[in-house]
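In what follows, a single structure is set out as structure tokens and then discussed.
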Amino acid sequence: MAQRSSNRWSSFCQAGKSACLRKIGGDAETSYKKVVYVSLSSAPLSIASLFFAARLVKDLKGLMMIVKACKFLAAHDTADPIRSVVARVAVSRVADSKVGDSRSAGIARLPESQGENHLFFYTLVVAFIIAYSQNTALIGNDGLLPANTYLQTLKASAKSDPMKMFTSAPTLLWFMDWESDIDRCLEYISLAGIVLASVVTLTGAANMVVMVALWMLYHSIVNVGQRWYSFGWESQLLETGFLAIWFCPLLSWRQLPRKTPPSLLVVWGHRWLIFRIMLGAGLIKIRGDDCWTKLTCMNYHYETQPVPNPLSYYLHRSPIYIHNLEVAGNHIIELIAPWFIIMGRRMCAINGFLQIFFQVVLILSGNLSFLNWLTILPSICCFDDSHLTFLFGSSTKNQVAQLQQDVKSSMTAHHGRGLRRVVEVCVGVALVYLSVPVIANLASAKQAMNTSFDPLRIVNTYGAFGSITKERTEVILQGTYDEDPLSASATWEEYEFKCKPGNLSQRPCVISPYHYRLDWLMWFAAFQNYQYNPWLVHLTAKLLVNDQLVTSLMAHNPFMGSDPPRYIRAEHYVYEYTHPDSKEAQAGNWYKRSYRSTYMPPVDLEKLAPGLRHLGWPVPDTPEKYINKGADSATPEQQAREAAGGKIPNKATKQTSGGPNPSKEAKQAAESQKLKEQAKQAAESLKLKEQAKQEAESQKLKEQAKQAADSQKLKEQAKQAADSQKLKEQAKQVADSQKLKEQAKQAAESQKLKEQAKQATESQKLKEQVKQAAESQKLKEQAKQAADSQKLKEQAKQAAESQKLKEQAKQAADSQKLKEQAKQAAESQKLKEQAKQEAESLKLKEQAKQAAESQK
């Protein structure tokens, strides 16, 4: 069936091709309307021939003419309903085909500039919300690391030079009234960022002006954030924001702006960013901890990561081979997949898919702030329109096609485009230049991660989890009211953080992409010490006065709403996940813990005050207690009546029953006037007494204040004397200790010398024994050699005798041979003589014969 359908479609295509070429005469690139009419002349051939026409038409103008013609037919061709329906289908299919075939990042508008920017601005909104909700408590005027103190330090080190101040910390705060109200300045910057990023996220549009403003606003926070903003995702957000500036038009505010297609510079800038992020993370792992090469790091990661979530609890219980596969997959994605970027569009898209999948897995398995959300952004640039067309509707695709036509037609006429290209080339050169130290860092065996090599953090180096902690340790802050914090009976109450493990029954939270910066740094403090983290000392001091700002960063302050604690300490615990089937888990506990050690001893404000002053931080004030003061409720009239003996009459006096008596009334009026005068004098006298009393009390208070000051001064002097005495005692103890150390050292040296002498004696003895043994061995060797020599002599003698015998035998053989030869020579001589005699006899016979003949 499938084969039959395939053959049918092939025949349709072939027929459509023949129909087009026959009717148009081969001129398929110009006669666009003819192509449409021919393709729609019969229903079976319409779509096939129209697709073939779309392939013949290479320029965008021709494509748009075909689409417009199809739209016209679909709207006006009432004579043939089938043709009208086919025209509508053809409009959609041809547009989809052509937009989907657009693979040039310089013309396509679908993927990077829209999908990425939406996710980027969402991340930026979250980042500014985090800053607005936490900055006052972290870097505000009364924060743990005040930004105004930090800026004052930079100003002093730069000697008030504006250029040096700005380059040391590029921030808009230099142009604001940060010295008098740093909190309001930080709030204004955060609120401005929230408003701008929210508007861009909701409208789906942006321009360069807004992008630069957002980039500068977040720079202004990061550069004064100190330890709270010292992590890699801050630099990554700034670098991504810088690249996003060049995705947008200068002033236009449209989702699909005209004549500003995404630049290849921005696309490859994002690809270069994801390459560095992943390769840097992979290299720092294999260089930093051998558990990455042994494939065992994931055995610990889910339990020891900074802020786990509920899924981490269950992933930790995966089989060992699953954890091994996770590490192997991590190495493939971080060390191998990034190189796919330069291996063609398909391999580049595979890399983008792998990176996005990897980041989604990390989001599901932990709370790593907005880092993973941010890392998805440059991965989107590994795709082109043909991969992402399914995310957009036909309307958007048609708009893109029209934009492509506009870009094609205005490629040479638009002067602003040429200027934009020049600016993009300059930015590209700057990116290449700033990448040189980053590449050197990646190639270095001493690779640094999450480092910036320029003050604007345009090109940075990244990395994560270069080493894995094998056990989870937590710092638990505790407070007490007891006067003796070292007493075993002291009652300690624990502070709880919003996400950091503390309470064993607290469920791991899910907050990504949000981020609690205090909880994150508490994780780092657990495998350091409090001397390395002065902000922790400041946190303790503020908790000693129930500071509301700091308490807002925590989940539970057991002393809030009552008196602050007298002492605070920090204890070090080892935390582990409970097993899902254990009794602890059944009781509702996610963790179990065991005591490690005391992290910070019990302290109060008096102990912390010198350190706070040394760091330039004010000592927190103890909250005022509400004291019920008794108030005198008597009115001035009552006070006057009391002063007059309580005889002040009412304003109206009753007349006698005997009728009016003017003389008596006048007398009463005079007495009343007199009483009023007395009351007035009494009131004035009372007032004077009160003033005198107040002056006396004021004088008394002054005296008391003076005495208190003197007492304080005496206490200070006594304390100084005590400290001096203590220092003297300590110095004496140090001297005694030094003396004891010297004596111990001398004794040790003496003992050492004795040991050395003993060892030397034993060594000498051993040397003698060794020498004797050597001599004995030498003698044995000599004896052996003598025996061997004797043996060799015997053998030589035997060999000589054997040789002699051989010589004799040889001589005998030679003699025998000579004899044989002499015998043979004698026989030969005898034969010769016989032959000679025979010859002579024969000669005589001849002579005799000749003589006979002669005689005859």
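Yeah, the Cβs are placed from backbone N, Cα and C, and that goes for glycine too.
According to TrEMBL, the features are:
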type     : residues : note
TRANSMEM : 35-57    : transmembrane segment
TRANSMEM : 119-140  : transmembrane segment
TRANSMEM : 188-217  : transmembrane segment
DOMAIN   : 229-389  : domain 'Lipase maturation factor 1/2 N-terminal'
TRANSMEM : 237-253  : transmembrane segment
TRANSMEM : 353-374  : transmembrane segment
DOMAIN   : 458-601  : domain 'Lipase maturation factor 1/2 C-terminal'
REGION   : 624-856  : region 'Disordered'
COMPBIAS : 664-679  : compositional bias 'Basic and acidic residues'
COMPBIAS : 686-705  : compositional bias 'Basic and acidic residues'
COMPBIAS : 829-848  : compositional bias 'Basic and acidic residues'
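Across the compositional bias 'Basic and acidic residues' (829-848), the DSSP tally of helix, strand and coil residues reads 20 helix, 0 strand, 0 coil. Tertiary proximity for the transmembrane segment (119-140) is limited to same-chain residues at least six positions away from its ends with a CB under 8 Å from its CB atoms, namely 146-147, 150, 182-183, 186-187, 189-191, 193-194, 197-198, 200-201, 206, 214, 217-218, 221, 224-226, 228, 237, 240-241, 244, 370, 373-374, 376-377, 380, 513-518, 549-550, 552-553. Outside the transmembrane segment (353-374) by six or more residues, the chain places 119-120, 122-123, 126-127, 231-233, 236-237, 240, 274, 278, 302, 305-309, 311-312, 315, 330, 333, 337, 380, 382, 464, 499, 509-515, 520 with a CB less than 8 A from a CB of the stretch. When pLDDT values are averaged over the domain 'Lipase maturation factor 1/2 N-terminal' (229-389), the model yields 91. Break the domain 'Lipase maturation factor 1/2 C-terminal' (458-601) down by DSSP state and the numbers are 31 helix, 40 strand, 73 coil.
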